[in-house]
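If you check TrEMBL, you get these features:
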BINDING   160, 175, 180  oxalate binding site
BINDING   173, 175, 180, 206  Mn(2+) binding site
COMPBIAS  77-89  compositional bias 'Basic residues'
COMPBIAS  107-117  compositional bias 'Low complexity'
DOMAIN    138-260  domain 'Cupin type-1'
REGION    59-119  region 'Disordered'
């Protein structure tokens, strides 16, 4: 698809292709997606293909193999008596004998650490899953996160429709855990026309403003179920405990009385 679009002078970034492939994977790759979202660095296409092949092999190894065998014994002594048949072993079972044998993959049934056992996608060691990995828990603690489902929250998409009245403003803010894609559906939003798309990277301070040219409708899409939002004004002038007024006065080069008023 990328090569076809490149022939039409429409190039797609490698990061977009990686994200597109991750969202297209089946439900069996759920833990694999979670591991990707918890990585410190994003994968390249070659790395993604290699990891997908390894994950597919792991899923195949965890599926048990089973076989059912039926054995029928021939009946002898026809006409010697009603209801009489061949005896099997020490018992007095008459008629046909059937047995069902199930073969289960030892690697999937054993809980010991082995070469074909489960693999942790965080530390790459075998014998345990990511949720049981102590290195993963330590990494979460360093990130000041008490939620072990952090990766799950990073796996979804959040979309919101925003209606702007004339001269309406979305104040400066940041999303600490998501990148935002803003699409103007109707009207003119500052320098963006209808149909324009703008990307705000994660952690970038941004705002939206309608200059009063009628109503405006936009669609905001974020690549996280829990993107978070921090309003800059509240974080600076409404923090608890508050930032010293003399420090803010020097930072913004304004009078201290004005800072006291804003706080």
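Just so it is clear, glycine is given a Cβ too, placed from its N, Cα and C backbone atoms.
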Neighbourhood of residue 173 (Mn(2+) binding site) by C-beta distance under 8 A, where only residues 6 or more apart in the same chain count: 205, 206, 207, 229, 230, 231, 232
Protein Cβ atoms within 10 Å of residue 175 (oxalate binding site), excluding its own: 22
Residues close to Mn(2+) site centre defined by 173, 175, 180, 206, Cβ within 8 Å: 174, 200, 204, 205, 229
Other C-beta atoms that fall within 10 angstroms of the C-beta of residue 180 (oxalate binding site): 23
Cβ within 8 Å of the mean position of the Cβ atoms of 160, 175, 180: remaining residues of the chain near oxalate: 158, 178, 182, 200, 220, 221, 222, 227, 229
Cβ neighbour count (within 10 Å, all chains shown) around residue 160 (oxalate binding site): 11
